[in-house]
Amino acid sequence: MADSDSSSEMPAHSPSPSPIPCAKQKPPNTGITISLLEIGSLPTFCCSSFSEPNNNMCPIRKQGKVQKFSNLLKDVKDVLKNIAGFEEKTTDGDPFDDTYIPEDLSELNIRGFDKRNKLRFKDDLFIHFDPERENTMRQEMLFKSHSAKNMVQKFARDLCNSEEKRGCDGVQLNAKRRRTGSVHIRGEYRKLRNNMEQLLQEADHWSKQHNELSELMRSYQECHKEIKDIVDCSRVCSQTQNNNEVPSKQKLEEQVKKLSQDTHSLHLIAALLENECQILQQRVDILRELHLHEAGPGHEKPLQTSGEQDKKCGEQDKKCGEQDKKCGEQDKKCPKLAEAEKMDGSKHTMKTTEGTITRKPKIFRCPNDCLTKKARNNRFNARVAKKSLVGKRRTISSFR
């Protein structure tokens, strides 16, 4: 729209030959890194600047002018497209080529040319169109196309030269790398061999140590087994000893009980023997008195002896009475034992009386004296029996 408005307001001039055939001639190698013009919509001030003086302009001239500008714009667009394609090809290559241009410099050049082209385009719009200027423009375009061709050829030559140089440099570098690499590889190979030898030596050393450790482990296991066997044997022995100690203790306790019973029975037997000895002594005394009465005419001596015996018997009766009191007090404390002692005493007295009765002499001159002696003997035997029973009871309680 902006192009049509500007073309309608331009002044009328004689038609000039169209620049289409010369402008459409494309260069064979369009590989330039410099842009000529940024195409866009024309500014609004261009339309307003030519409004009044161009009202009397013919429509035919206006149409020719519009076609000319449209053709120029198309040519510029084609050139820019070719330039953009060539730039993409160059950027796809190696960035270290000799023909590589940094982006900063290319942007600065593009900006400078853009400004110049815009100024020229504005001058063309403000100034009336002249055929001389159009010819100059054609010549400039031709010159630019020739220069572009020359630049492309130069760029191609430079690219070829740079590739050849790079190829030569690469070959030289590869040769140098091979030489240096072979030396480096030999050094590394020697290091690897040394390391392998060291590793083999260490492996031998470790194998020896492993064998020694295995032997030590075996010896340790054997010692451990022996210690276990000894501990098990000691446990078994201790258990057997404990099991044997229990019946041995029981046997000892039984033997101690038997010994205590035997000692108690021996004490009883000793007490009975003492009683029998006393009874025998009394009988011996009685027999002496009888012999004295039978043999001697005098009656004074036996009477004296009988009086002395009566005194002795009285003293014994007193002692027996005191003992009877003590036994009575003890019998009150334990009545069951007292009853058992009475039964034993009665049995013992019966036996003693039977023995005494059988052994008594049948002939006595004084029966009263004999009766008193018998009674005393019986009392004495009963008291001795009681004493023996009391001693037996005490021994049993002490053992308990």
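Heads up, the Cβ atoms here are built off N, Cα and C, so glycines get one too.
Quick caveat, the model's predicted, so the values are computed rather than measured.
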Phosphoserine per Swiss-Prot (candidates: Ser8, Ser207, Ser346): Ser207
For the region 'Disordered' entry in Swiss-Prot, name the matching range from 1-27, 352-378. 1-27
Would you mind telling me which one of Ser106, Ser145, Ser219 Swiss-Prot calls phosphoserine? Ser106
Here the mean pLDDT of the coiled coil (182-231) is 87
